[in-house]
2 protein chains.
Amino acid sequence: MKRIKLVVAYDGTNYCGWQIQPKDATIEGILNEKLSSLLDEQITVIGASRTDSGVHALGNVAVFDTDTKIAGERIARALNQRLPDDVVIQSSEEVPGDFHPRYQDTRKTYEYTIYNAAFDNPVTARHHHFVYVPLDFQRMSEASQYFLGEHDFLSFSTTGSPTKTTVRTIYECEVRQEGQYITMRVTGNGFLYNMVRMMAGTLISIGRGRREPEWIRELFGNPKRGKAGPNAPAKGLTLIKIRYMDQEKDGD
Amino acid sequence: MKRIKLVVAYDGTNYCGWQIQPKDATIEGILNEKLSSLLDEQITVIGASRTDSGVHALGNVAVFDTDTKIAGERIARALNQRLPDDVVIQSSEEVPGDFHPRYQDTRKTYEYTIYNAAFDNPVTARHHHFVYVPLDFQRMSEASQYFLGEHDFLSFSTTGSPTKTTVRTIYECEVRQEGQYITMRVTGNGFLYNMVRMMAGTLISIGRGRREPEWIRELFGNPKRGKAGPNAPAKGLTLIKIRYMDQEKDGD
């Protein structure tokens, strides 16, 4: 028995998110199905980030246990031949049997992409959120700096998400502008349910002049569930990568 | 009667190109249908660039004549409400009755996007061409400079395209690298059938080491139909914009 770690990329447009559902297509569901068929045993993957319906990923992580004799690093290519074009394994490798994708010290990086113009750009519309109200990039960039550090993100989480603590640490948060695109890139040690989308929605509110950049500081000072936002649409969000800090230390 | 100019953007994935077909969905077909229904008269558009099946556009141009009383600049928004999400009018304006989108002095700009990595990126896969063989960006960049100026592009055109002359002028050709993406941007006074895709295919051959950058100069020196290439896939190609030089002069 060995444990295999997959780095998984997908266009989330046609999936009801990561987590397996009885009827709808999900990333977890299709991985279980194609891995079981490839390895000829019942495979159940455990995902690092259970992304929502419509959210994309370049570097989500999943692990599974298998008795296969196929070398860990060869599974990616074999699995890709069975997967549809909108799900592509980026790498596969054997990891220690106690490696769990969720219960570890991680750094997750997300990007949220906005297309800001009078009319939408259909070429990239599947992976950006279109905003036709002019956004003030400088204000958004200034505001993004308030996210840095350790804060109670309760205001940036929607109702009902069960979690022990709502304190998270943000290591990197920057907003860049390329032509009509405005992209927020954020790295943290974890994110509450809908947190990145509410951070993006908050920056949009600030960028269009409805709120001041200092609003973010106020939300941290007086946290109240769901007070930030709004929750920006899923299609603009991509999980870029997940770093496992212990695994990296092991590598030294 | 007035003549309206549209700037048209589309994700070409689900269309059999620009030119109207009896059965298949095309950009010209859907514009004729939706404009006729919006303006309640029979509308026939004339396109600037009859892009191939699967090719995208941010700035293709179409004109049509109409008796409508709707102001030219208001047609874009009204038409967008009827069009599917993958076709978006960027602007509409009234132009002189003798403005023809094809028979004028123009500068067309195309981009061809390659994703160069071990595995494909499904998030942007609809509008890039995936190449897993490592490409030498410096060689491609060096080679791209041979395209500049006036040349006989016969070698960069596929069999049977009817045209008076195969001489074209390239004003700008640059290759840029952003992460795993390599993008060729080219501006010229016109392009033969499949010419941009064969220019991209030629740069890919050079980038993977099969050909030397000087090959392009040899192809110009001894032109022979279809000798360059190969013809890179349609999905990597986007028509970025078309400038009408006479119209710009009028504006001064």
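Heads up, the Cβ atoms here are built off N, Cα and C, so glycines get one too.
For the recorded site, A:Asp52 (active site, nucleophile), the DSSP three-state label reads coil. All protein chains included, A:Asp52 (active site, nucleophile) registers 17 other Cβ atoms within 10 Å of its own Cβ. Annotation comment: TrEMBL describes A:Asp52 as active site, nucleophile.
All protein chains considered, the CB of A:Tyr110 (substrate binding site) has 24 other CB atoms within 10 Å. Per TrEMBL, substrate binding site is recorded for A:Tyr110.
According to TrEMBL, the domain 'Pseudouridine synthase I TruA alpha/beta' annotation covers A:7-104 (among others).
Across the domain 'Pseudouridine synthase I TruA alpha/beta' (A:143-244), DSSP assigns 31 helix, 32 strand, 39 coil. Annotation comment: TrEMBL describes A:143-244 (among others) as domain 'Pseudouridine synthase I TruA alpha/beta'.
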Task: Look up A:Tyr110 (substrate binding site) in the DSSP assignment and reduce it to helix, strand or coil.
output: strand
